[in-house]
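Inspection log for the structure reproduced underneath, given as structure tokens.
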Amino acid sequence: MNQPLTLTAARTVGPRWTLGIAAVALAILIALPLLSLLPNDHPLQVSAYTLTLVGKILCYAIVALALDLVWGYAGLLSLGHGVFFALGGYAMGMYLMRQASGEGIPAFMTFLSWTEIPWFWAGTQHFLWALCLVVLAPGLLAFVFGFFAFRSRIKGVYFSIMTQALTFAGMLLFFRNETGFGGNNGFTGFTTLLGFPIAAPGMRALLFLLTVALLVASLLLGWQLARSKFGRILTAIRDAENRVMFCGYDPRGFKLFVWTLSAVICGLAGALYVPQVGIINPSEMAPTNSIEAAIWVALGGRGTLIGPVLGAGIVNGAKSWFTVAFPEYWLFFLGLLFIVVTLFLPKGVIGLIRKDKET
Amino acid sequence: MKATPVPNLVDASFSSESSGLGHQVTGGLDTRHGTILTLEDIGVSFDGFKALNALTLYIGVGELRCIIGPNGAGKTTLMDVITGKTRPDTGKAYFGETLDLTRLSEVEIAQAGIGRKFQKPTVFEALTVYENLELAQKTNKSVWASLRATLTGEQQDRLEEVLVTIRLAESRHRPAGLLSHGQKQFLEIGMLLTQEPQLLLLDEPVAGMTDAETEFTAELFTSLARKHSLMVVEHDMGFVEAIADHVTVLHQGHVLAEGSLAEVQANEQVIEVYLGR
């Protein structure tokens, strides 16, 4: 039987030992960037590779959490969250490209023999405007898309298919050179952020800490929402939307709010991902990426917030090990993992932990 | 048959403040003439099939009206028209004197004070009994208000009161999905109570209930009438006999007969429709 989701969240964080594990995990995440600052020959030194890898996985974990807000609570399965992630990344990338090209225009525009910077690049040399774009671009797209989708009462699988189409359309658009975002090469070759070298250990450590901070803030916000009456109304909309309307609530506003919030969180994750990984291109909007995000959530346990974070960690951790050890078997393993979880762990990894605790 | 005589049982809490004002919802419902629901000449057709045909019906303030009729008579369509789910092709539908139901959305109609219980009990299964009642409770239902909502002492008292009334106080922390069929029916009735609508539409409320539960429901509804207006669709004649002031018989989308249960049962046409020739 379905447990109330708010209870699930409370129970998973409630017990003391769970809090203990969370504290240890957080301590490790804060220690990692500090250890990376140690000299190269120090035994405890964390390599730039490891730090970047973990930072990347943390960004994915934030995406999983954002997806859980809309899927786990409001029942809206998005198979297009990659587009919001990429838009946030592109907004940050525009600023980094301007930093790299100094007074001139970005190199890829020179190759297209453009002489002027297109209008939508205006102001992107300013960090603050780039930050605004990080929030506005995914936020506005989500708002407009959500407004029409929810007004037309599109739900279930139709909604999922439309989100999938949205990210696919975005990918095709960004693949075109004329769109003005570097075509299929996207943006790369970043040099500085706010004048500081982007690959310097100090900058890497800072970006990593910011990612940890965003993850923690998103988790706290998510818990706050899930525990509020707003969260309960989302659950109610998921289970019986008509009944919610006859209770006097307009489901459109509730869905639109959580949908837009989720997209903005994804955009912020994308903005932190790009400077750490050093590249953004349209393949981030590939439909398979968004589907993989849904797997992270399902594997971790939807409607639990912390579960999807674990799910993203487990899948991506396994992925980076597998693609080194047995590169040709990774996709089989991912498929197997998904089947096993669907068959034996309907509540995901979190469900497993809770079952152990109860027996 | 003449339209219903209006029972003189107006509850002071919502009729006194609204008299004489021509405008809408704010403050209270305008029920100057003692009629809470006015349906005139309503017609609804689906692909040429006339679900409702020139239906005219008035429900008085504080009245408990039962609607009976064979399957396909248009009972559920009638509820859909009143709650804004279906738009009538012709006719007028007013809540109170001034609220045009054909122009309001489902949500606006619910907020204006019409509550509906579905034929199949519909509760929020993942939430607890208490949370179900809390969501339904009359309050500001905007997104912003819900983000910061906390229950006042008064609201908590009201929820406790309803929990006791529907006999679910013991189960308050159980997920609604684990309740029995009859308990779900009561929970949904409880949700209507906390919603505090002025007009309650109840679609087969005692379906699947035990005899004892049915009897209790009858008592509950009788005590609700006067403070609220009720429109009950029901097949169980014993239940109808126990509660109804007035009965309306629907047949093929229009009103066939109206009056007390005894009058209606004696009506030639009604007997013909129910028993066949």
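Note that Cβ sites are derived from N, Cα and C of the backbone, with glycine treated the same way.
According to TrEMBL, the protein has these features:
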type	residues	note
TRANSMEM	A:20-39	transmembrane segment
TRANSMEM	A:46-67	transmembrane segment
TRANSMEM	A:73-92	transmembrane segment
TRANSMEM	A:127-150	transmembrane segment
TRANSMEM	A:157-175	transmembrane segment
TRANSMEM	A:181-199	transmembrane segment
TRANSMEM	A:206-226	transmembrane segment
TRANSMEM	A:256-274	transmembrane segment
TRANSMEM	A:295-317	transmembrane segment
TRANSMEM	A:329-353	transmembrane segment
Quick one: do the transmembrane segment (A:157-175) and the transmembrane segment (A:20-39) reach 3+ CB pairs under 8 Å, ignoring pairs fewer than 6 apart in sequence?
no
Using a threshold of three or more Cβ pairs below 8 Å, and leaving out pairs closer than 6 in sequence, do the transmembrane segment (A:256-274) and the transmembrane segment (A:206-226) count as in contact?
yes
If you count Cβ pairs under 8 Å, which stretch among A:73-92, A:256-274, A:295-317 touches the transmembrane segment (A:46-67) the most?
A:295-317
Tell me if the transmembrane segment (A:127-150) touches the transmembrane segment (A:256-274). I count contact as 3 or more CB pairs below 8 A, with pairs 6 or more residues apart.
yes
Residues of the parent chain within Cβ reach of the transmembrane segment (A:295-317), under 8 Å, 6 or more residues beyond its termini:
5, 8-9, 12-13, 56-57, 60-61, 63-65, 67-69, 71-73, 215, 219, 222-223, 226, 235, 334, 337-338, 341-342, 345, 347-351
